[in-house]
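According to TrEMBL, the feature ATP binding site maps to LYS351. As annotated by TrEMBL, domain 'P-type' applies to 16-62. The domain 'FZ' feature in TrEMBL is assigned to 61-209. For 315-593, the entry in TrEMBL reads domain 'Protein kinase'. The region 'Disordered' annotation in TrEMBL covers 597-630. Per TrEMBL, the feature transmembrane segment maps to 236-258.
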Amino acid sequence: MCHSLLFSGTIPLPRVECKDIAPNEKVGCLVPENTNMTTCLFLGCCWNDTEADSAKKCYTKRGGSCMPYRGKVCQVSFNSTLPTYRNSDRFFDNKFGLPATEEFLTRGVEIINTLVKDDEKCRYILINMLCHYTVPPCYSDGTDIKYCREDCAAIFKECNAPLNQVIGAVTLHVAVGKIDFIHTSLPNCSRHHKEGYFENKPGKICIKTGFFNYTETTMGANTEKPTPQPGRKLEIILPIVIVCLCIILLCVIVVVLLRRRQKMRDAVDNGHALSHKGFITMRDRLRAESLKSLDSRLLGLYDPKKLRQYNLDHVQYVKDLGEGFFGKVFQGRASGLNDKQPKKVIPVAVKALKDEASKEQKEEFYREVTLMSILTHPNIVQLLAVSTEEEPYGMLFEFMSGGDLNQYLRNALPAETSLESSEKGKVYLSQESLVSAATQIAAGMHYLAEMKFVHRDLATRNCLVGDDFVVKIGDFGMSRDIYTTDYYKMSKETLLPIRWLAPEAFLYGKFSLQSDVYAYGVVLWEIFTFGLQPYYGYTNKEVMEFIQKGIHLGKPDNCPDFVYAIMKDCWKKEPEKRLEFTAIGMRLKDPYHVYDVPPASESEEELEQREEAKEGDEILSSDTLTLSLS
């Protein structure tokens, strides 16, 4: 049964008569998943609860309609520009209507404000252009009025650089959201007609926005056609020359792409390779998917064109290092990655995307490429190159000779035991070395916090060790397949590192800079226990109960008091009371602290536990992991 409903006031009206829509004219409305009839009708669409295709249960007629603009994003623009059309109905794509169109406009304005913040004039022009081109005024016959090509060209001339930057960002947003307005697209002046085109079309016009000291012009049937001036011959010849050059360039591109096609493997889904209309490279896919992980503030930092492309077939294989979330991790050797010494062969760590990768794994891959291409810090592992245009796909990182920090710690011993032990292959770490590792991780996390990145999975297994005990945060969600026991399966598709999570993270799914601080406190505990698993001997469910009750990990043996104090300040129940990474770094570097201090006396420990108990917290002893009752 089909339904339609009328609303008054500012609520969107139905754009068509539902009963008049033929089956081949139906198109699904852009509505949230699992939309019910009430929401569908509220948005001005039609509802058919017997429709087998869930995407078309909430539907409308393909095409567009004219109705008053009742949104907020472009209200100022429409009221302050083009006064002739101030009260005109505006053209909306039926499947978008006002709500989805308003959402697109909101995102577009955010992008413009972010990328063109230093050019007030162009920002004003581009925001108004976005509004007028997306929601144009209507003719009386219900079609949209186009804008003059001269005006479009003037916009590109006046604001070329910022406009192209905005178009690039909006293109990605359009690709991700599958946005395809029936009446307009990203600015392309060739699709607009000049004023003279409407000479013999009574009642039809084109509009100039007036942003460039033009007077608003309406071209009617009696308008004289402009006569070409002798001095304008260049304007006629130049486009012809440009078109010829473009055709030649296009032919060259086609030849290159055909050669590349011979090297590529059989096409796989999600745009890895070829279709009958051409092909979408991994880089194109990457540009679209990466927007899901970046807010508008970071769009200016991410430039896929700066990624160094490197065919993985040119990497000399050395050995396997393990298997990560989306594929194999192996050590290799490669040349051409050092700009100062292009012929130098250097060791690299390669993360390759498996051929049969799932959609989730591919998105994780895109996300990590995007993320690592932006981050640059001495304590963040460096991305050297990517292979996103030819299979096999992967990333090349600097090779960290010491492996992951967790295994490094497990193979190490306290420096004070070096006289008593002569085990081969063991590394002896002093408390100064342990504090150094903690300080380096804090520095990397401080950088991430400044960049507004939330790690969500900070642990020693996700840190890497290089020469001279340089420690870097190296994995952003990659190592969960290697350390399966560290993750708790909350649902079919959700694995969480429970033992490192703040209470609000696993209870409410709230990850923040403060939840990263909580995890850092657990990392400190790992470092000073030489890689022990937090809450070892207890099940994940028991650990969840401990965290909910505020039962914390106990002080590791020989751990300096000031380090354990930092741990406890990281584990505060209220997120806002936890330390910031700036303060953590300062406290770790405090020269007045003496690292090699004797452990606190038993009475001091008992007193400390009693004070914790008064605050509703309890402590787990690090040696037996049994409850210490006060």
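Note that Cβ sites are derived from N, Cα and C of the backbone, with glycine treated the same way.
Secondary structure of the domain 'FZ' (61-209), assigned with DSSP and counted as helix (H, G, I), strand (E, B) and coil, comes to 78 helix, 16 strand, 55 coil. Residues belonging to the domain 'P-type' (16-62) score a mean pLDDT of 80 in the model. Under the three-state DSSP scheme, the residue listed as 'ATP binding site' falls in the strand class.
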